[in-house]
């Protein structure tokens, strides 16, 4: 018995030492001055600004976490809020308007300090947006441009201009394909931000002499099977088409295998966002090109505005993101060997660094 | 228990009745000689779905003459039919026993997530991963079957609930994330193999369709299943083991959902969360469309498979003809409504 007790005591002691070590990091013991500085920084979390930042909580509502990009934006919000010591609650709306409304109501009842919605058109949550406004809870939508009635109930809509993706893609494709090249569109008119890529890209493509020979408007209720089937049918119906301009970031990982299975590998898929799955396909040599943007900035701007409102009562600036975004075309020649083109972690670090100079905790 | 409304009769005349020991329902010609006009109307009704298919194909040949009537398009359509045909074969069994199943697309998701997570993230070889995902599918089917039969619960509600739970399980296993890395090459190759110009999923669908058709239409099990669908009480009194057959039907549809999941993920070389939900309505539409094909007006495997072919051909043709997006849903809904009405008229005529 004594032997077992001794073992337990030893394990507990070792555990304690190890715990002390991890809390103090590498500065333990050997350099007291450094340890003090580090301890001071740790106490403030590196926040050395003049404005006191109270604690807070933000509700983040994703339109549908099936989307890789929506997941990334949700994680960006969660990570950034955690770095400023704020709580976050990220809810997957599962593409279901009823779930969106329920999540919004939950956030309002919890009296959160702000809500960030990711890609939810306002009409679907109009009563909840009104209720949030009445409760004094600012709601910002980020990531993608929204449209429709009730848009003014959002305190701001931060997003890289969706049409710009279409322009960037069209400008790139003009340099890679001759005039007269036939192409097809995969559109999603039900989502205004997704549709904007096509409405901006098509006129430029046509002006460059490209010929739009087929379009498929996807049904949002059946996205994955439809995207795959539409790609095969469009290319079968228009065998001379060399380009598929797609509204949506989820298309490449669905379309590339579908076309490969159908034996149509000569079609270039032009899509948006530097999603890991799209980048992996480009690295593997699949015919995919993407227009990427530092879209996580939109989420970080939303959080920054909510922090400022809570800390100093600053009104939310609906134009805070004007001219902030950078776009870049990615193809096989320019794809990074690993990671993102616009790394969310880097964008978070830049935002946190700025907040550290503005706020104290 | 929820039983399928007898929109389509849910039984083949003669076989169902005799298996249950109940009098065989009268055929179209029973109860006196129908008039020539009535016989003509009946013929039009029976051939409405097949006739509309022929007209549709001819129209698409005119509208997209360069591309639609080609072997490439036929192969594409058959390839696209493979997964829904596999699913509708299982669904037909469940409908034949007079039940509903709203959980099988969730089972597709679970099996898809399992096989991909096991191979891509845990380094399992393809065979054992497939086996585990099929066993998991079987387990879901058996649980649903037991809840419906032993638990005497409504299949509509139970399968809705189990479907939701299974989707939750799928998302827990996969982290609700797209998985596209480290998929074994031999797994992706499964659906890429070709025989006589047709892809392996098409052959799999044909084999399964044949097997389920024999099971439902040429075996004692099938006759009993249809007897249960026609009149469960009569079937029970005739000595049919109603519970067991219903559990088996739910188990078969679940296992077929697992097979469909393997084909889907093998084709895509990836897993996409909850991507199978879209199959639910289309397969039900196909089964009901198929139920109005021919003179039996009941759920038949070939009828259901024809329903899938009908819907897939419509979608493909409209896409190739650059028709607006709404046309597909509109025409599909319209034809389905007409088909159900036709089947309903047929049932009234034979009852």
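Start at 1 and count along the chain as shown; that gives each residue its number.
Cβ coordinates are placed from backbone N, Cα and C, and glycine is handled just like the others.
Features reported for this protein in TrEMBL:
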- B:1-33: region 'Disordered' (REGION)
- B:8-24: compositional bias 'Low complexity' (COMPBIAS)
- B:43-65: transmembrane segment (TRANSMEM)
- B:77-97: transmembrane segment (TRANSMEM)
- B:104-124: transmembrane segment (TRANSMEM)
- B:130-149: transmembrane segment (TRANSMEM)
- B:156-175: transmembrane segment (TRANSMEM)
- B:195-216: transmembrane segment (TRANSMEM)
- B:247-265: transmembrane segment (TRANSMEM)
- B:271-291: transmembrane segment (TRANSMEM)
- B:298-318: transmembrane segment (TRANSMEM)
- B:324-343: transmembrane segment (TRANSMEM)
Contact call for the transmembrane segment (B:43-65) against the transmembrane segment (B:156-175), three or more Cβ pairs under 8 Å: no
Surrounding residues of the transmembrane segment (B:130-149) on its own chain - C-beta under 8 Å, 6+ positions past either end: 1, 99, 101, 103, 106-107, 110-112, 114-115, 118, 124, 155, 158-159, 162, 166, 242-243, 246-255, 257-259, 261-262
Result, the transmembrane segment (B:324-343) in contact with the transmembrane segment (B:195-216) (3+ CB pairs under 8 Å): no
Residues from the same chain, set at least six apart from the ends of the transmembrane segment (B:247-265), whose C-beta lies under 8 A from its own: 82-83, 86-87, 89-91, 93-94, 96-97, 99, 101, 103-105, 107-112, 115-116, 130, 133-134, 136-142, 144-146, 148-149, 187, 190-191, 201, 204, 208, 212, 221, 225, 271, 275-276, 279
